[in-house]
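Residues annotated as compositional bias 'Low complexity' in TrEMBL: 1-15, 21-51. As annotated by TrEMBL, compositional bias 'Basic and acidic residues' applies to 59-71. According to TrEMBL, the feature domain 'Cytochrome b/b6 N-terminal region profile' maps to 76-288. The domain 'Cytochrome b/b6 C-terminal region profile' annotation in TrEMBL covers 292-427. Per TrEMBL, the feature region 'Disordered' maps to 1-71. As annotated by TrEMBL, transmembrane segment applies to 106-132, 159-180, 192-212, 262-290, 311-330, 369-388, 400-420.
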Amino acid sequence: MAENTPKPAAGNAPAKPKPAAPRAAKPAPKAAAPGAAKPQAPKAAAPKAAASSGVTKPPVDRPDPNPFKDSKTSALGGWFQERFYVIMPILDYLKKKEVPKHRLSFWYYFGGLGLFFFIIQIITGLLLLQYYKPTEADAFASFLFIQGEVPFGWLLRQVHAWSANLMILMLFIHMFSTFFMKSYRKPRELMWVSGFILLVLSLGFGFTGYLLPWNELAFFATQVGTEVPKVAPGGAFIVEILRGGPEVSGETLTRMFSLHVVLLPGLVMLVLAAHLTMVQVLGTSAPIGYKEAGLIKGYEKFFPTFLAKDGIGWLIGFALLIYLAVMFPWEIGVKADPLASTPLGIKPEWYFWAQFQLLKDFKFEGGELMAIILFTIGGVVWLLVPFIDRQASQEKKSPIFTIFGILVLAFLLINTYRVYAEYSILK
Ligand code: HEM
């Protein structure tokens, strides 16, 4: 700075020395003509090298490296601000973001809870990876080792298993609450689409993780689950890809493991980044007509008020998770024996029960294919709802879509309950 902003000599110097134009500074190779360079103090003269070559550098007004610096920032905060000042407008934006308060605001917490359980999955999954061995010979034994020998290994495994279930439950609640509040309407269509992809990927996590303990239940459930696409045209090829061969084997375990710990987490991170960016950029919607009817009780700052309330939700979620993990441990069962006959009562995880029941109901000639087609069409319509529901996009109520949502929810709940009722008798 001192180099470019010379301090004028007291007295005869102008208050602010005019930056010398390069052309003007060029002469004076030997000594300045009397009176010509008078305002320049010796200290403020051009640097030595420049002076010796006879070239004086003009003072330059450098932009402040951190235009967002404020006097209240701590030294450490200032250090970071100076280096990352390009993201300061984003932080400024977060501070300004507001969330509407109304009688349905409670439902806004479930997306954050899904995120919380996803973070738990990443942490506990990475720790489990230190001991888990993804081979047909060692997988089950490594689970026994984690459960019995590793300090707190049992807790780690139980928390991972329970958090997976809670995450999917939170996502279903989040999806239906955003559906019934019509939060998917313009301009949040892609929030819905990215959310839907996140749900599918999360179900993929559940499916691929189920086989990893290599126990009897997981083995036969995967056998049944990977069999499903067979009835569709070209389905045999998909089955072969999923299993890594014609049957469920050690190859299948390798595939499920790589999907579970590499591909799916990578995809989820990408889509989640898009989803959460849109949450911040587009803000939180209020249900249709609430503003006009005066049902909005006010707005609260996202940062720190809403985030602090999110934090309370996370603490409650964490307490529930630990309670379930300690009080209701998942059994490890017996090691899978591919040569054994399929035991009674094999069923998938609860979040696939509705589809499972549908397949059971359609057990007639060509029925399974029909069930798959029905389910696929239903899924595509559900994905495209924001683009089909034109009424909601014009901020008008769309009762037909509310009825559609109720029917979908009823289908899922009734079928899930049917499987629960049937299999709890079998126990
Ligand atoms: C890993 C999965 C997911 C995470 C972590 C997540 C996270 C979030 C968060 C934190 C919010 C803002 C607060 C809120 O409204 O709850 C949000 C909003 C939203 N999410 Fe998700 N979400 C996920 C999956 C889904 C799914 C499955 C859907 C629907 C198919 C969805 C659709 C939406 C929509 C439409 C909004 C906007 C809500 C509004 O503006 O009122 N998300 N998400």
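Residue numbering: from 1, along the chain as shown.
Glycine too: its Cβ is placed from the backbone N, Cα and C atoms.
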**Q.** Positions on the same chain near the transmembrane segment (369-388), where near means CB under 8 A and six or more residues out
**A.** 179, 184-186, 188-189, 192-193, 196, 228-229, 231-232, 355, 358-359, 361-362, 401, 404, 408
(Q) Quick test of the contact rule: Cβ under 8 Å, at least six residues beyond the ends. What residues does that give for the transmembrane segment (192-212)? (A) 118, 121, 132, 134, 139, 164, 167-168, 171-172, 174-175, 178, 183-184, 218-219, 221-222, 225, 248, 252-253, 256-257, 259-260, 264, 267-268, 271-272, 274-275, 278, 348-349, 351-352, 382-383, 385-386
Q. Would you list the DSSP helix, strand and coil counts for the residues of the domain 'Cytochrome b/b6 C-terminal region profile' (292-427)?
A. 92 helix, 5 strand, 39 coil
Q | Best-contacting stretch, by C-beta pairs under 8 Å, relative to the transmembrane segment (311-330) and drawn from 106-132, 262-290, 400-420 | A | 106-132
